[in-house]
Amino acid sequence: MKDIIVIKIGGVASQQLSGDFLSQIKNWQDAGKQLVIVHGGGFAINKLMEENQVPVKKINGLRVTSKDDMVLVSHALLDLVGKNLQEKLRQAGVSCQQLKSDIKHVVAADYLDKDTYGYVGDVTHINKRVIEEFLENRQIPILASLGYSKEGDMLNINADYLATAVAVALAADKLILMTNVKGVLENGAVLEKITSHQVQEKIDTAVITAGMIPKIESAAKTVAAGVGQVLIGDNLLTGTLITAD
């Protein structure tokens, strides 16, 4: 066991980091766990676009992103959300490093559908060696949800999908998908554990619905690809755990 944990946090969560979150990250790092943080930034991007009077358009839940929009998207992710995340972690005594120019050497991507979504990408390859160098130096690499095409274009990537790709590439012991809900609910209570074999049954019986479906399906595929377990919840310790069996 390498004790690698990949943590995905949303843009809103990264702006409102709790003391418990920061303490747990510090405790894990002190205990020798190897951590990687992937973050989105939808809230910050929307705010920046509104301030610049740029309309927000989404298709199938994905942000349509023009080349001009990417200037605002990258600014929000790197200079606002990522920078704030790094500052807060360092103030808590955590050794970490935000990846900026390094991203082009880590996340290879291709256009999802340029005609429909513009500069939105899907991960094609993770250069895990760059990430491993940070881990070997006892630093937490912080990755924004961005990637680069083979033509050198910066692309906007779904943070859940990027975190999943990173976890699979590193053969992580655990992937934590932090969201704004406590986990998968059944009859009002959080399901503490679901095996990957139970996922389709829970979808078919409408226990898992709407926006939780892609998260759970992604989690099941992640476990099938060799990641030990996936936790979906609103914190680092509790929620719904997805395992192989």
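For all residues, glycine too, the Cβ spot is worked out from N, Cα and C.
The model shown is predicted, which means the values in this text are computed figures rather than measured ones.
Straight from Swiss-Prot, the features:
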- Gly41, Gly42, Arg63, Asn156: substrate binding site (BINDING)
- Lys8: site 'Transition state stabilizer' (SITE)
- Lys215: site 'Transition state stabilizer' (SITE)
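Listed in sequence order, Gly42, Ile45, Val56, Lys57, Tyr117, Val120, Asn156 are the same-chain residues six or more apart from Arg63 (substrate binding site) with CB atoms under 8 A from its CB. Within 10 Å of the C-beta of Lys215 (site 'Transition state stabilizer') there are 20 other C-beta atoms, taking all protein chains into account. The two recorded residues, Lys8 (site 'Transition state stabilizer') and Gly41 (substrate binding site), show a Cα separation of 11 Å.
Straight-line distance linking the Cα atoms of Lys215 (site 'Transition state stabilizer') and Gly41 (substrate binding site), rounded to a whole number, equals 17 Å.
Taking each of the binding-site residues Gly41, Gly42 in turn and counting other Cβ atoms within 10 Å of its Cβ gives the largest count for Gly41. Gly41 (substrate binding site) carries neither a helix nor a strand DSSP state and counts as coil. Its own atom aside, the Cβ of Asn156 (substrate binding site) has 28 Cβ atoms within 10 angstroms in the protein chains shown. In the three-state DSSP reading, Lys215 (site 'Transition state stabilizer') counts as helix.
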